[in-house]
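Q: Submitted below is the structure of interest, expressed as structure tokens.
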Amino acid sequence: MMSKNYHIAVLPGDGIGPEVMTQALKVLDAVRNRFAMRITTSHYDVGGAAIDNHGQPLPPATVEGCEQADAVLFGSVGGPKWEHLPPDQQPERGALLPLRKHFKLFSNLRPAKLYQGLEAFCPLRADIAANGFDILCVRELTGGIYFGQPKGREGSGQYEKAFDTEVYHRFEIERIARIAFESARKRRHKVTSIDKANVLQSSILWREIVNEIATEYPDVELAHMYIDNATMQLIKDPSQFDVLLCSNLFGDILSDECAMITGSMGMLPSASLNEQGFGLYEPAGGSAPDIAGKNIANPIAQILSLALLLRYSLDADDAASAIERAINRALEEGIRTGDLARGAAAVSTDEMGDIIARYVAEGV
């Protein structure tokens, strides 16, 4: 299919990270063989595993390894073992946030899909769940109220106050809007931009610039929606949405709402990208230390993270689609890990990985 050589930095991390990563790498093997792709991998410690082995959550060797790669496949970090450490030395804040900053990962892509056969897990009304949904939440990661200056606290007594500042620059809005429109072209050609342009100056600028960028994509339909209405519409009829384009704060809220209405966090991948197309790909859920090592974790979010990596960093859409079809097939056949079994027979983490890898190899 392609002759280029690719290299992936693999960071399994903690908890269920290593065992679900093993399944993703089985699937990668199947992709390599079926599509004749030349992809190599190198493993590096991160999070708690790196603290145990190197005394810090993000060793220089790990950062260096990621710099030499085309993309990073990340597992999960954290657990009770390291909770006594100062916050910036704990696995989550000491590894993931510095990686995002170092590689200037400004866009976060969170797909949320209700798979056929899993409607019973959706907390929405049955008639709404029956319509299904397949949403991609595109969130700006480095601007907005989380990073704007000034921020702080001052004064005392009745006059004590705290303040944060929502700041967006034109270039930040333009580049995240382009990610959303490009993503929509690979999907159902619709972008819904979320703002609060009836109140906020930053949202007024956001809407103006998104309208400008939309003229570059005449094949993509654009709609605008206020954040308060969007949270309601996601509950009322999520099937109306394709790509949601959001600022940092609004995307933080909506991507979690999208995840929740699928009813299955173990199924949701996440991608964080920079302007060069370099990305860090990880499951949206946590390290689940309570089930680590028991061979019962759901590896699908990690495997779907690999699919996103293939699509967005390696431009291998065929391979990504093959993985997604294999997962659909497994779920349609009633194959479930324990989190989705509901009394039915459950397969192990290893078995689920084997089945999906086999289906990729067979070209289902």
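Using N, Cα and C of the backbone, Cβ positions are placed for all residues, glycine too.
As annotated by Swiss-Prot, NAD(+) binding site applies to 79-92, 286-298. What Swiss-Prot lists as substrate binding site is R100, R110, R139, D228, and the listing cites sequence analysis. Marked as Mg(2+) binding site by Swiss-Prot: D228, D252, D256. What Swiss-Prot lists as site 'Important for catalysis' is Y146, K196, and the listing cites sequence analysis.
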Q: Within the chain of Y146 (site 'Important for catalysis'), which residues six or more apart in sequence place their C-beta under 8 angstroms from its C-beta?
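A: Same-chain residues close to Y146 (site 'Important for catalysis') (Cβ under 8 Å, separated by 6 or more) are N248, L249.
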Q: Counting only residues 6+ apart in the same chain, whose Cβ is under 8 Å from the Cβ of I296 (NAD(+) binding site)?
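A: Looking at Cβ-Cβ distances below 8 Å from I296 (NAD(+) binding site), excluding near sequence neighbours, one finds T337, G338, A346, S348, T349.
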Q: Can you tell me which of the binding-site residues R100, R139, D252 is spatially closest to E83 (NAD(+) binding site)? Compare CA atoms only.
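A: Closest by Cα distance to E83 (NAD(+) binding site) among the binding-site residues R100, R139, D252: R100.
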Q: Looking only at Cβ atoms, how many others are within 10 Å of the one on R110 (substrate binding site)?
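A: So the number of other Cβ atoms within 10 Å of R110 (substrate binding site) is 24.
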Q: Below 8 Å Cβ to Cβ and six or more residues apart, same chain only. Which residues does that give for G79 (NAD(+) binding site)?
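A: D14, G15, G48, P91, S287, P289, A292 - these are the non-local Cβ neighbours of G79 (NAD(+) binding site), listed in sequence order.
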Q: Would you mind listing, in sequence order, the residues at least six apart from D228 (substrate binding site) in the same chain with a Cβ closer than 8 Å to its Cβ?
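A: For D228 (substrate binding site), the qualifying residues are K196.
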Q: Where the distance is taken from Cα to Cα, which of the binding-site residues P87, D252, D256, A288 turns out closest to R139 (substrate binding site)?
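A: Looking at Cα distances from R139 (substrate binding site), the smallest one goes to D252.
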Q: P87, P91: which of these binding-site residues has the highest Cβ count within 10 Å of its own Cβ?
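A: Result of the Cβ crowding comparison: P91.
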Q: Work out how many Å separate D252 (Mg(2+) binding site) and A288 (NAD(+) binding site) at their Cα atoms, rounded off.
A: 21
Q: Let me know the DSSP-derived helix, strand or coil state of R110 (substrate binding site), please.
A: strand
Q: Quick one: of the binding-site residues P87, D256, A288, which has its CA closest to the CA of R110 (substrate binding site)?
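A: The smallest Cα gap between R110 (substrate binding site) and any of the binding-site residues is with D256.
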Q: To the nearest whole angstrom, what is the C-alpha distance linking R100 (substrate binding site) and D256 (Mg(2+) binding site)?
A: 19
Q: Let me make sure I understand the structure: which of the binding-site residues listed (A288, A292) has the fewest other Cβ atoms within 10 A of its Cβ?
A: A292
Q: With an 8 Å cut-off on Cβ distance to the D228, D252, D256 Cβ center, who else from the chain surrounds the Mg(2+) site?
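A: What remains near the Cβ centre is I227, T231, L249, F250, G251, I253, L254, S255, E257.
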Q: Counting Cβ atoms within 10 Å of each candidate's own Cβ, which of the recorded positions R100, R139, K196 comes out highest?
A: R139
